[in-house]
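So the structure is just underneath, and the comments pick up after that.
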Amino acid sequence: MSKASLSKYFIFVLMFTIVLIYKIYTIELISDNLNYYNVYNNIQNDIMPFQYEFILSFLMYISSLIGMDYYQFTFFKVLTFLPIIIYVDRNISKRNNIFSYLFLFSFISPPMIGTLIFLARQSLSLEFFLLLSLIHGFRKKLPVLIIMFFTHMGSIIWVPIFLWHKRIVAILNSKLFWVLSCIILIVSVFTGMDLTKALIQYLSTLNDLPNFLMANLARKRDFYVIHEETDFDTLSVLNTSFAVMPALIYIIMVKIKEVEHYTVECLCALYGLSFFLFALFYNNQIFATRVGFVAYFFGVQYLFLFLLLAYLNKKNLLNRE
C-alpha cells in the first residue's frame with residue numbers, strides 16, 4: 001500500500017473516530033435509540049429481546065458481561081464499520097483519486113454515524129452484506145449469510161443476490177430496471193399509491209413458513225400497522241433527493257455492462273433493489289425507509305460511489321477480478 005493510501009486511511013479512521021465519539025455522547029435517547037438503550041440495560045434479564053434476530057442482542061450480552069455500558073458498546077459496534085468500508089474502497093481501486101476520498105469521507109458526519117447507531121440491527125446486517133460482497137465461494141459465504149439473516153431477518157431479500165448472483169444481478173443492475181424504479185417513484189408521488197396493505201395481507205396468508213419466521217413477520221406487521229397513521233417517521237426531502245440522485249448518475253454515467261467485478265456488482269444490485277422497494281412503498285413512510293433503507297439513508301455514499309465507478313471505468317482503473 002502506498003504512503004498516500006496509508007495517509008488517506010489514517011485520516012479517515014481518525015476523523016471517523018472523533019465524530020463517532022462526539023455523536024455517541026450527544027446521542028438523543030428517543031425512538032429506536034431509546035429502545036436499544038433500554039434493551040441493553042436489561043439484557044441480563046432478557047437475552048433475546050428481538051426474538052430470533054439475536055445476533056445484536058448476543059453481542060450486547062457479551063459486552064454487558066465484560067462491564068461495558070451502552071455507550072461503550074455502541075462505540076465499538078459502529079467502529080466495526082471502518083475496516084469493511086476501507087476494504088471495499090481498496091478492493092475497487094488501489095489508485096487514489098478525488099472520488100475515492102469523497103466516497104470514504106462521506107461517512108464522516110454526525111447524521112451518517114447517527115444512522116448507524118439508530119438502525120443498529122439493519123446497519124449491522126449491512127456490514128455482513130458488505131463482507132459477503134468481498135467473499136468468494138458459497139461455502140465461505142454460508143456462515144456469514146446465516147449470521148446476516150439472524151441479525152435482521154429483513155435481510156432475507158438480499159440473499160438471492162448471492163445465491164443466484166448472475167441471474168439476479170442481470171435484472172437488478174440493468175438500466176431498464178432502474179428507469180422503471182424511477183417511474184414507479186414518480187407514480188407513487190403523484191398518485192398516492194400504497195401497496196403496503198396488500199403486502200401485509202399477503203404475508204398474513206403465508207401459513208407454511210417456519211414458526212420463528214411467522215412470529216417475526218407478525219411482530220413486524222403489527223409494528224407497521226400501529227405506526228401507519230402516525231408521524232412516527234417522516235420522509236426527509238433531502239434524503240429522498242439523495243436517494244434519487246445516485247439512481248440518475250447510475251443510469252447516465254455508469255457503464256455497468258463493462259464492469260466485471262463481483263463486489264461492485266453486489267453493491268449496485270443492493271442499491272437497485274433498495275431504491276425499487278423505496279419507490280414501490282414510498283407512501284408508507286416508515287415501511288419505505290426500512291425496506292429501502294440503503295437507498296434512503298446511504299444515498300450520499302452511493303452518489304460518490306457511482307461517480308467513482310464512472311471515473312474508474314472511463315480511465316480503465318477498476319480492479320479486475
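Just so you know, glycine gets a Cβ as well, placed from its N, Cα and C.
Sequence annotations record features per position, and here TrEMBL assigns transmembrane segment to 6-25 (among others).
According to TrEMBL, the transmembrane segment annotation covers 100-122 (among others).
Tertiary proximity for the transmembrane segment (142-164) is limited to same-chain residues at least six positions away from its ends with a CB under 8 Å from its CB atoms, namely 52-56, 121-122, 124-125, 128-129, 131-132, 135, 172, 213, 216, 220, 266, 269-270, 273, 277, 290-291. According to TrEMBL, the transmembrane segment annotation covers 142-164 (among others).
Residues or ranges marked as transmembrane segment by TrEMBL: 176-193 (among others).
Look at TrEMBL and you will find 234-253 (among others) tagged as transmembrane segment.
TrEMBL lists 262-281 (among others) with the feature transmembrane segment. Sequence-distant contacts of the transmembrane segment (262-281), counting only residues of its own chain at least 6 positions beyond either end whose CB sits under 8 Å from a CB of the stretch, comprise 88, 91-92, 129, 132-134, 136, 157-158, 161-162, 165, 168-169, 172-173, 177-178, 180-182, 184-185, 188, 194-196, 199, 243, 246-247, 250, 254, 256, 287-289, 291-296, 298, 302, 305, 309, 318, 321.
If you look up TrEMBL, you'll see 293-312 (among others) marked as transmembrane segment. When Cβ-Cβ distances below 8 Å are used as the criterion, the transmembrane segment (293-312) is approached by residues 92-93, 95, 97, 99-100, 102-103, 106-107, 112, 115, 119, 122, 126, 235, 239-247, 249-250, 253-255, 259, 264, 267, 270-271, 274-275, 277-278, 318 of the same chain, each at least six residues removed from its ends.
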